[in-house]
Structure formats: C-alpha cells, structure tokens
C-alpha cells in the first residue's frame, strides 16, 4: 500500500525552509511537500480570510494527504480538513491553538489560553511601521521556554521570510488572521485523526490550549515536550519525525 504524501505548512512570517531541520529525519522515500503560505516567499497574496488562505493551497495538495501544520499553518490545516476532507486523510498540528488571542470572561465565549488582545494589536501596529523588527521580535517569542533556545533562534532567523520577496500587506493579513480567528465552534467538523505536538514552555500558544484542543477534537492525541517552546520540531526534530511517521503509517 502506498504511503500518503506529507504536506508541511509553516507558520507566520517564515518560509518553507523552516522545515529543513525536520526533513532529514523523515522516512526515506516519503513524498514531502512544503508549500509557502500566501504572500510568503513570492507566492501570491490572498484575501484576508482563513478560507482564502486555505483555498490558495489546494493546488499543492494531493488527495488523502497527511497535512502537518505549525502555528498559523495549523489553523490552515484545520480549515483544509474541515472544508476539503478528501484532501486531508490525517492531521499533525504543532504549536497550534484554535484561538490565538484571549477572550475576556464576560465575552460570549471566554478563552484564557492565548496572548492578550493588546499584545497582538501591538504586533500588528508595529509590523505596519517596521516589518523587519517585528518579525525578529516574533521569532524571539517563539524560542522562549525552550532548553535549546539558541538552536531554535538560529533556525528561525535563518527561515525568516525575505521581505524583498514577500508582500508586506499579505504578512500583515496573516497577523490579523491570528488575531481574529476563533475556530472552537468548528472543531466537531474535523473527523480526521489528529496528532497534536506541543511544547510545555510555549510562550505564544500555551500548552493548556493544546490540552483543551485534545479533549474537543473528535479523534486526537497530544504529545507534550516538557523542555520546548513554540517550535519543538526544531529543538527535537528526531522525536517529532517519529510521531509524524506514525501518523503517515496510519
């Protein structure tokens, strides 16, 4: 029986090269695709909705793929699985939360597991004035809480989106997607098996969000890395590759 293709979706402000630490540990012969998100790495920009970003990736996806999304890429992967289930056989979600921003207790649907709205708004405003500095600051947050912080920081900085090849407006739209998206109500529609991978020290998307997600998705399990931040596939690529291979093998 042929193994499915593996599609790796990177996070905001970075490029497909962020997967270069992981791919050497994946099984030989596995077909791996690493498309760029809209507006990243010279790809065309799309509308400011998660659905538009997901649909832009459809030509890159074979049927019945295993889709592995990290951070914003994880939200895109969830949307693909819900709206295009023939494209997504199984999911791997790394450092992914259904809702990036906290919602207050008096909101219709409170959510305590995220960044404060003021922090994210600050990122959006700062990016509009100084994209390069904001990207570097975002990368620094992703490495926090990791025992191999320097290794992670170096890998992330090497994979930073080249602003000369990117569309700043599209990158700004990606930040707004993170700020505005609340995917909790749609989780029951994801019927595919899901492997969650999360760092206990994640400073962007707290572990509690992944723990909540694991209880709400119909078919999910969570692998926790105690000494990791937001990018466990960079600090523990071999361990993450083993988990991904298990998903690919079904």
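Numbers here mean position along the shown chain, with the first residue as 1.
Quick reminder: no glycine exception, Cβ is built from N, Cα and C everywhere.
According to Swiss-Prot, the protein has these features:
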type	residues	note
ACT_SITE	71	active site, nucleophile
ACT_SITE	202	active site
ACT_SITE	230	active site
BINDING	12, 71, 72, 138, 139, 140, 141, 142, 230	substrate binding site
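Taking the features listed in Swiss-Prot, we show where each one sits on the structure.
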{"residue": "12", "record": "substrate binding site", "Cβ contacts under 8 Å, 6 or more apart": "37, 71, 72, 138, 171, 174, 175, 178"}
{"residue": "139", "record": "substrate binding site", "Cβ contacts under 8 Å, 6 or more apart": "13, 153, 156, 157, 160"}
{"residue": "141", "record": "substrate binding site", "Cβ contacts under 8 Å, 6 or more apart": "203, 204, 230"}
{"residue": "202", "record": "active site", "Cβ contacts under 8 Å, 6 or more apart": "95, 145, 228, 229, 230"}
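The 10 Å shell around the Cβ of the residue listed as 'active site, nucleophile' contains 26 further Cβ atoms across the protein chains shown. Largest CA to CA distance in the substrate binding set (12, 71, 72, 138, 139, 140, 141, 142, 230): 17 Å, whole number. Look at residue 202 (active site): DSSP puts it in coil. DSSP classifies residue 72 (substrate binding site) as helix under the three-state reduction.
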